[in-house]
Amino acid sequence: MESLSAYAGLLAAGAPYALQLAASTKWWPILFPLFALPALSLCLSVATLSRKGPLNTYASLTPIAAGIGWALAFHVGERLLAEMLRAAQTLLYIVFSVRTSLDWAIDCGHSYNSRECSPFADENVTEVHDYSHWPDNFWPAQEFNRYLIRDNILDNKNLSKLWEPNEWYIGRSYELFYFSIPSIPLIFSHIVIWTIIYCLLVKFPQWIDFFITRFCLFLPSVLYVFVIFGLAISGFSFGNTEAEVSQDEIEKVPQSFWTDLKGFYRSSILLVDYSTAFTGISLLVVSRLNHGAPPVLAWVAVPLMMVIPIFLSVLTTGCEGHITKLQPHYKTYGSIDETYSFDVIPVCLATTRAGPLWSFMFYVAHFFYSCMGPLIIYTLYIYSVFSEQFIVFHTHSQSFYSGFLCFVTAAGMILYMPLGTKIAAFLRYASQSSIVHLLIYVLVFFVYGWQTLETDISMVSVESTGGPLWRHFLGPSSPFYTALQFTVVPMMLCTKGVAVYDLLLGGNDVLKHIDQGTQFIEAPLFIRRLCGYGIMLAPTLIVLAFATHAIINAKIRSLSIGSALKPSADWLSHQVMQHRPKPFSLSYVIVNRLNGPNYRTILLGVFILEIFFFIILSVLLIGQMFQAWLGNPLGAANFRSIVLLLLLAVHAIALVEMRGAYNFWDDPARLTIYISVATLQMAFLNGYMWMFAFNHAWGVDIGQVGGPLFLIVANTCMRAICICAAIAVRAHIREAARPSRTRDAAEIYAADGPPEVEMDAEDDAPIIFDLASS
């Protein structure tokens, strides 16, 4: 199958989040398809129409979005640097698995162990206390990673039992980053990893797809299955070692973004990342296919993406149960991949028969699946963006990869220092910003138009002209997907933004993470914070800079601002010399089945209802300003205030356009603004309610989450009715503006014949083409 390499690229890009997702709540397989299917379908539809890289795709889709490709490349670069540190450590774990026993994971007494180290089998370990939590952060596997792998300085005289979650990996919050000699073992791993990647990309580029498919996906899948069967024979039971981090600890030390999240809410954010939707990866993998290759389908990709995480779910749950059975006081604090791959799993494997064998197989599988595959895809993505912007790199790819290798090596020297994990944690936090992803959703779904996209796909897709009914409901134009793209997809993107910018009750989420992650900058606090905000907001600023340039360029050419929102000529090349069908509106069909619907009355009712929503938003914004004036951090939040202000401003514009549509009844595009604004308002409210409902560790308890869930359902139903009504009115205005008959320009009546006869004879003539825009 020729498109197999595209599916492999999608799976490899999301692999760094697979183990975290697998170790989260057991409900993730239910929610994942509800988001991934419609989101990936939307992204793959754009990729199918474009067949270009991420930079040229968004620049062609609308000139105002020319900077989105660079913004996404910035996010990909952040992820690459963070995962590079984990990859170097994973390779070392393969080396340390080649031995007769894994005593480094369960026993103390090694030269690198501290005096506080407690053997795994110690029967004197009692229940941890709120103050110390000892021996958390001092278990053998944790000290092995801390003092041997990452070469942190061991100071037995100044060891503190003042507990912080995952201190063994991220470091103490009060411990400042200091420049030191990088870990020599990590440097060795870095050289091996990037030598392989460089040779593959430069010397053997024709083997990239083969390497990712066979070595980064198929081989790890087989090895994971062998490890599961081996551990099942050796004996393990299912359980859970994860303990809850109190809200006070999170407010005090928000070092790791994933530690701040809890329970099902963390799972919902993880599945957004694992789906790779709106990251531009789908554009990359489709652009690398040959012309004529079968399309990449979301309903095929999503089940494939769930296979390995399900394997890992069985493995992690079994290992946690096995550890709990042997040492009930062994607690972990779910955070990042390293919490499981460097702590839970080595302890589990070390306490089973043939542990070194299973350890070697697991770390080989994990190295190729979650490290090598993503690093290759991320590097290809960054090269694709640069080569699209600078043509010279098409013929001088070796020069680019050489320069890129120097860059990642220089960055690695900082990350491989003792507290480089603080920097990696900040890069992961910065890469979680969903502002650019939300802009992509608005651009594709509303500016270009979901109906236009469905029509374009029907024109270029062979399968859309026939086939079984189930294929239609799973295809890009599925009404099921459209409903989820209006509700679930924007809600999950908005709740991810809420998790990044407005999660902590005390506020200042970004500032607290910046203070922890920018300690490596030798400068005053003001300069460090300025650099931190620059890293956080760089993708958004890049998009705004390119959008400003597109608008100024349009003004210089005496064009309207609207011209910067229209697709370029090369994007519309698939529409040349083809009959373009009318957009289908299910809402219009449903409303038309009512007995004589009055569309003006419907629009007036929606307009009056939206005035009440405008008043509610105004009251909420005034409340936020009042809380800020009182200096109450629990009630006021900068992100919340900015979101309310933006939603209020665009809501006012939407009301003006709705009034214009009601008065003139001529331009259906006026209602598109309202439809997009109402969808985003619904998504942000649902996103906040989703956080309130599920950001806890006690699971899905209807009694506890009933209130926020009720608001989500009520808000979705109410706004969905308004949006469907607006879509129906828009379709009616379009139909009213469409001529019932259009004649060809060459259709001229004979000058010497009776005009009445000519017109009567041609009354039943077929329509040649329709000049009305669809």
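All positions are counted from 1 along the displayed chain.
Every residue gets a Cβ built from N, Cα and C, even glycine.
The transmembrane segment annotation in TrEMBL covers 30-50 (among others). For the transmembrane segment (30-50), same-chain residues at least 6 beyond its ends with a Cβ under 8 Å from one of its own Cβ atoms are 10, 21, 56-57, 60-61, 267-268, 271-272, 274-278, 282-283, 285-287, 295-299, 301-302, 305-306, 441, 444-445, 450, 453-454, 456-457, 460-461, 474-476, 478, 480-482, 484-485, 488-489, 492, 571, 574.
Taken from TrEMBL, the feature transmembrane segment applies to 176-203 (among others).
Taken from TrEMBL, the feature transmembrane segment covers 215-238 (among others).
Long-range contacts of the transmembrane segment (296-315) within the same chain, counting only residues at least 6 positions beyond its ends with a Cβ under 8 Å from a Cβ of the stretch, are 3, 6-7, 10-11, 14-15, 18-19, 21-23, 26, 28-29, 32-33, 36-38, 40-41, 44, 47-48, 217, 220-221, 224-225, 227-228, 231, 274-275, 282, 285-286, 289, 345, 362, 369, 474-476. What TrEMBL records for 296-315 (among others) is transmembrane segment.
Among the features that TrEMBL reports, transmembrane segment is placed at 360-386 (among others).
Per TrEMBL, transmembrane segment is recorded for 398-417 (among others).
Annotation source TrEMBL lists transmembrane segment at 429-450 (among others).
What TrEMBL records for 533-552 (among others) is transmembrane segment. Remote same-chain partners of the transmembrane segment (533-552), defined as residues 6 or more beyond its termini with a Cβ less than 8 Å from a stretch Cβ, comprise 63-68, 70-72, 74-75, 78, 426, 430, 433, 435-436, 439, 510, 514, 518, 561, 564.
According to TrEMBL, the transmembrane segment annotation covers 602-626 (among others). Non-local neighbours of the transmembrane segment (602-626) in the same chain are 591, 635-637, 640-641, 644-645, 647-648, 651-652, 654-655, 658-659, 661-662, 674, 678, 681, 722, 725-726, 728-729; each lies 6+ residues outside the stretch with a CB under 8 Å from one of its CB atoms.
Look at TrEMBL and you will find 638-656 (among others) tagged as transmembrane segment.
Residues or ranges marked as transmembrane segment by TrEMBL: 668-689 (among others).
Taken from TrEMBL, the feature transmembrane segment covers 709-733 (among others).
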Annotated stretches the transmembrane segment (360-386) and the transmembrane segment (176-203) touching (3 or more Cβ pairs under 8 Å): yes
Per Cβ pairs under 8 Å, the stretch of 176-203, 215-238, 398-417, 429-450, 668-689 packing most closely against the transmembrane segment (638-656): 668-689
